[in-house]
Amino acid sequence: MKNKRSQNSPYITPNSSYTTLEKALGYSFKDKRLLEQALTHKSCKLALNNERLEFLGDAVLGLVIGELLYHKFYQYDEGKLSKLRASIVSAHGFTKLAKAIALQDYLRVSSSEEISNGREKPSILSSAFEALMAGVYLEAGLAKVQKIMQNLLNRAYKRLDLEHLFMDYKTALQELTQAQFCVIPTYQLLKEKGPDHHKEFEMALYIQDKMYATAKGKSKKEAEQQCAYQALQKLKEAK
């Protein structure tokens, strides 16, 4: 979908209405302003953006996905359930779900973010997905969010189980670099920002003193996992 810049606005906005997005989501917003807020990144510097909704969405999705996994995998102990939830409730997991409904095509971002392909960044896309689900929760309640999430998980994942869903990318990368280069990756904190309840960490990954990836996450561990995933993809492409 092509996006355009309004003459009276500093941000990029989609050409079409949100009807296609709502159809893919399986929910039509009564208050379109709430939907628009959920899709508005802070880079637009508008009075309302999706940060507060993102905060609520994080809590709502943690509960919804936790309950879904609790009932679906009755044979799993707390440790396995935590791993499953962590793989979905993450920037990588929410980005995957967001792309299942082409959410990136509807984000409102600044012109500078548009130039840097910001609408494809996991940190921006996953936050918008959390905000979108918070909007659904505020209008239609928890049951509707549960129904939407069940449908999206079925669409985004061919199989929803521990073996196919959870991947420790850091461990996989370490095993690969030890085999290929006889070294292990190192991680460095580049930036830490935000209040204590809403931290964002940016990490860099190095292999033999060469930077292979940078990524952001709500914890150092999540950002490191994202870095490891990127590095694995680069090493696979280089083969």
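Backbone N, Cα and C define each Cβ position, glycine as well.
In the record from Swiss-Prot, residues Ser127, Glu130 bind Mg(2+); the candidate from Glu51, Glu54, Glu202 listed for the same site is Glu54. Sequence-ordered, the extra residues of this chain that approach the Mg(2+) site, with Cβ no more than 8 Å from the Cβ center of Glu54, Ser127, Glu130, are Asn50, Glu51, Leu53, Phe55, Gly57, Asp58, Phe94, Ser126, Ala128, Phe129, Ala131, Ala134. Cα-Cα distance from Glu54 (Mg(2+) binding site) to Glu130 (active site): 5 Å (rounded to the nearest whole number). Counting every protein chain shown, the number of other Cβ atoms lying within 10 Å of the Cβ of Glu130 (active site) is 25.
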